[in-house]
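K.L.:
Straight out of Swiss-Prot:
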BINDING   Y126  pheophytin a binding site
BINDING   D170, E189, H332, E333, D342, A344  [CaMn4O5] cluster binding site
BINDING   H215, H272  Fe cation binding site
SITE      H190  site 'Stabilizes free radical intermediate'
TRANSMEM  29-46  transmembrane segment
TRANSMEM  118-133  transmembrane segment
TRANSMEM  142-156  transmembrane segment
TRANSMEM  197-218  transmembrane segment
TRANSMEM  274-288  transmembrane segment
Amino acid sequence: MTTTLQQRSGASSWQAFCEWVTSTNNRLYVGWFGVLMIPTLLAATICFVIAFVAAPPVDIDGIREPVAGSLIYGNNIISGAVVPSSNAIGLHFYPIWEAASLDEWLYNGGPFQLVVFHFLIGIYAYMGREWELSYRLGMRPWICVAYSAPVAAASAVFLVYPFGQGSFSDAMPLGISGTFNYMLVFQAEHNILMHPFHMLGVAGVFGGSLFSAMHGSLVTSSLVRETTETESQNYGYKFGQEEETYNIVAAHGYFGRLIFQYASFNNSRSLHFFLAAWPVVGIWFTALGVSTMAFNLNGFNFNQSILDGQGRVLNTWADVLNRAGLGMEVMHERNAHNFPLDLAAAESTPVALQAPAIG
């Protein structure tokens, strides 16, 4: 009898925990994905803060020339970063227990892998949690689809690009100036500005900003008057009210006359789908572009493609980018013994004109 009661008590405790995890009445929804998300994001955040403040220099290039990224080694908020793991580690999984000592783990940039892997698992779980909450509330699943764009971008720079280049030392550093350094080196090595997928991403981000500003200003300019001149117009809206808070016909008429009729949406649902889809698709393409350039399928090369009648080069924007890229690549590779091959290449001397006969 006692055993039966203990089993029922244990079962009821587990059932109560399951109900709490999946309850939509909590102030913050946890969900089963949240059970994974919370510890991984906490681990990533704690390790990032400690490493950003106090991590010792990291031998990022694997040539015994450590690079300092933390605040106590002289950096500030702009220049500081969690430096990627060493090129000597490559793509090896490098948890603390794989190092001979904690000092070795820090010297080889172990905190970077800890932060990035926990962060990626955390944002994947956050995306799953968005779907899970939508499912519980009977909503459509497009919120997590929209969130997949920044998730894809993070996966591209932290996971796919290092895989393609053969080392986590090529991943994006976790800092402001480190991000800009990553962008400059990426342009130098892959000519990303001449890649059509990057162009689509620029159109997605800038276009999304433009459309967001246009939509917000149109709605704000066509609000239905509910207040006096001495009151804030925001008091004219009550949360959950059934009436439209702005006149979509007036907004449609204004914009249709400003541009042309069919440039303006007359359907609120299709309008908001467009506002969501435009930047999401653009960022998807950028992530796809970074993922393909990770394997050196680079941007278009139009260098020295225009010549005059006497065969002299007429420099174009492509040539300007190419010269800038060469300069950035020289600055990136600071050591003569690690000089960029496309800059150090000279005319080769053949060792043998034909293969020797065998036998």
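Cβ coordinates are placed from backbone N, Cα and C, and glycine is handled just like the others.
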K.L.:
Determine whether the transmembrane segment (142-156) and the transmembrane segment (29-46) share at least three Cβ pairs under 8 Å, counting only pairs 6 or more apart in sequence.
P.N.:
no
K.L.:
Hey, which bits of the same chain come close to the transmembrane segment (274-288), Cβ under 8 Å, at least six residues off its ends?
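P.N.:
Same-chain contacts beyond the ends: 142, 145-146, 148-150, 152-153, 155-156, 197-198, 200-205, 207-208, 211-212, 215, 265.
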K.L.:
With a 10 Å radius around each C-beta, find which of these recorded positions (H190, H215, H332) has the fewest other C-beta atoms nearby.
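P.N.:
Output over recorded positions H190, H215, H332: least Cβ neighbours within 10 Å is H332.
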K.L.:
Using only C-alpha positions, which one of D170, E189, H215, H272 is spatially nearest Y126 (pheophytin a binding site)? These are the binding-site residues in the record.
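P.N.:
Comparing Cα positions, the closest of these binding-site residues turns out to be H272.
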K.L.:
Counting across all protein chains present, how many other Cβ atoms fall within 10 Å of the Cβ of H272 (Fe cation binding site)?
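P.N.:
Within a 10 Å radius of the Cβ of H272 (Fe cation binding site) lie 12 other Cβ atoms.
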K.L.:
What number of additional C-beta atoms lies within 10 angstroms of the C-beta atom of E189 ([CaMn4O5] cluster binding site)?
P.N.:
19
K.L.:
Tell me the Cβ contacts of D170 ([CaMn4O5] cluster binding site) under 8 Å, same chain only and six or more apart in sequence, or just say none.
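P.N.:
Expected: P84, Y161, P162.
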K.L.:
Taking just the CA atoms, what is the gap between H332 ([CaMn4O5] cluster binding site) and H272 (Fe cation binding site) in Å?
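P.N.:
Cα-Cα distance, H332 ([CaMn4O5] cluster binding site) to H272 (Fe cation binding site): 43 Å.
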K.L.:
Measuring Cα to Cα, tell me the gap between H272 (Fe cation binding site) and H190 (site 'Stabilizes free radical intermediate') in whole angstrom.
P.N.:
35
K.L.:
Distance between E189 ([CaMn4O5] cluster binding site) and H215 (Fe cation binding site) at the Cα atoms, whole Å?
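P.N.:
Cα to Cα, E189 ([CaMn4O5] cluster binding site) and H215 (Fe cation binding site) are separated by 39 Å.
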K.L.:
Measure from the CA atom of H215 (Fe cation binding site) to the CA atom of H190 (site 'Stabilizes free radical intermediate') and give the result in Å, rounded to a whole number.
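P.N.:
Rounded to a whole number, the Cα-Cα distance is 36 Å.
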K.L.:
Just how many other Cβ atoms lie inside 10 Å of the Cβ on the residue listed as 'pheophytin a binding site'?
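P.N.:
So the Cβ neighbour count for the residue listed as 'pheophytin a binding site' comes to 20.
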